[in-house]
Each structure stands twice: as C-alpha cells, then as structure tokens.
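Below: the structure, in structure tokens.
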Amino acid sequence: GGKSLDSKVDDGTGKIWLDDIRCKGNELTLANCNSTGWGVHNCDHQEDVGIECFNTYASDGDLRLISKRLEVFYNGVWGTVCNDGFDDIDAQVACKQFGYNGGKSLDSKVDDGTGQIWLDDIGCKGNELTLANCSSSGWGVQDCDHDEDVGIECFNTNDGFIYLSNGVLNIIYNKTMGTVCDDSFDNVDAQVACRQLGYK
C-alpha cells in the first residue's frame with residue numbers, strides 16, 4: 001500500500017519530470033499513468049511529491065532495505081543476511097527482486113541490524129528470480145554476528161524507473177533523475193508508485 005505525502009518532504013533538485021499525474025489504480029508503473037508528459041510542468045521543487053509505502057502483508061522470501069542493510073522475511077519475522085560469501089552477483093539478484101536492473105554488495109558497511117539472522121553463505125548463479133532461490137546454509141543456519149550484516153546498493157537507468165530518497169519520489173527519464181510534482185497527485189497515484197517499488 002501507499003499514501004501521498006503531498007509536498008511535505010524536503011525539496012528535490014534537478015529536473016521535474018512529471019506533473020498532473022492521474023492514475024486509475026491498475027497501472028503497473030507510474031509512467032503508465034496519464035500526465036502532462038515528460039518534462040512538461042508548471043512547478044518548482046517546493047511542490048515535489050513525497051510518498052510513504054508500506055506492505056499490507058509480507059511473504060516468506062520478501063526483501064526490504066533499511067538504510068541499505070538487506071533484510072529478508074521468513075516465518076513471520078524480518079531478519080538480516082550475513083556477508084559470508086555474499087558478492088555482487090548475490091546483490092544483483094536481490095536488486096532484481098526489488099525491480100532494479102543492477103546492484104552491488106556493500107559487504108558489511110552498513111548499520112548493524114538486530115534480532116534474527118536468516119541467511120548465510122549465499123551463492124547465487126545470477127539467473128535466480130529471488131534471493132531465496134539461491135543456495136545458502138538454510139533458513140536460520142548461520143555463524144554470524146550483526147556486525148556481518150550485509151548491505152547492498154541497487155541502481156537502474158531505465159526510463160520510468162522510480163525510487164524514494166528521504167521520502168521524495170524520484171523518476172528516471174533519458175538517464176537523468178528528476179522529481180514528480182504534487183499537482184493532482186493523490187493516494188491512488190501513490191499506491192501505483194508503491195506497487196512499482198515492490199510493496200504489496
């Protein structure tokens with residue numbers, strides 16, 4: 001799910017790509033919604049839209065990023081992933097699961113998590129659809145501490161790709177990041193964006 005924060009976020013920078021967005025609610029991406037067109041707007045960055053996304057439910061194997069720290073959901077609990085053997089190929093599989101077309105491992109250069117450590121010794125081939133499909137030592141089988149929690153950085157250069165930065169909705173067009181104006185942007189539009197970001 002998701003909701004619009006209107007322009008109650010920090011001002012963005014750079015291009016403003018979309019304005020007057022009107023989604024029906026069934027679109028797969030924000031770029032599929034009606035708007036004034038790429039780069040056509042009457043806004044400034046004080047009108048940059050923010051959204052808040054949330055999962056109404058999570059399933060085993062779902063992933064999330066907490067300040068670049070990778071976490072995985074299993075048996076009703078979110079937990080971390082250990083960095084033993086975790087490389088860029090594993091990060092790319094995780095990033096594909098988020099909808100990105102690239103990614104890299106940050107090793108354990110992220111804040112330590114707490115609670116359960118779910119996965120260790122992950123070894124992806126690169127063609128897996130989810131991180132849970134990769135080989136590992138098994139759910140909860142690990143010999144790690146939270147100072148070994150892995151982080152990843154994901155990226156994408158495809159037109160229409162969106163991401164959140166401090167709540168500000170950013171969108172890629174012509175390999176350039178820009179923002180979305182809050183004119184006409186409502187909760188239906190936010191829900192389409194959040195679904196595109198992988199939220200349920």
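Numbering starts at 1 and runs along the chain as displayed.
Yeah, the Cβs are placed from backbone N, Cα and C, and that goes for glycine too.
What you are looking at is a predicted structure, and each value in this text was computed from that prediction instead of being measured.
Feature annotations, courtesy of TrEMBL:
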DISULFID  CYS23-CYS33  disulfide bond
DISULFID  CYS124-CYS134  disulfide bond
DOMAIN    1-54  domain 'SRCR'
DOMAIN    56-155  domain 'SRCR'
DOMAIN    155-200  domain 'SRCR'
Using a 10 Å radius on the Cβ of CYS33 (disulfide bond), the other Cβ atoms enclosed count 19
What is the average pLDDT across the domain 'SRCR' (56-155)?
93
Cβ neighbour count (within 10 Å, all chains shown) around CYS124 (disulfide bond)
23
Could you state the CA-to-CA distance between CYS134 (disulfide bond) and CYS23 (disulfide bond) to the nearest Å?
36
Roughly how many Å lie between the Cα atoms of CYS124 (disulfide bond) and CYS33 (disulfide bond), rounded to a whole value?
35
In the chain carrying CYS23 (disulfide bond), residues 6 or more apart in sequence that have Cβ under 8 angstroms from it:
LEU30, ASN32, CYS33, ASN34, VAL188, ASP189, GLN191, VAL192
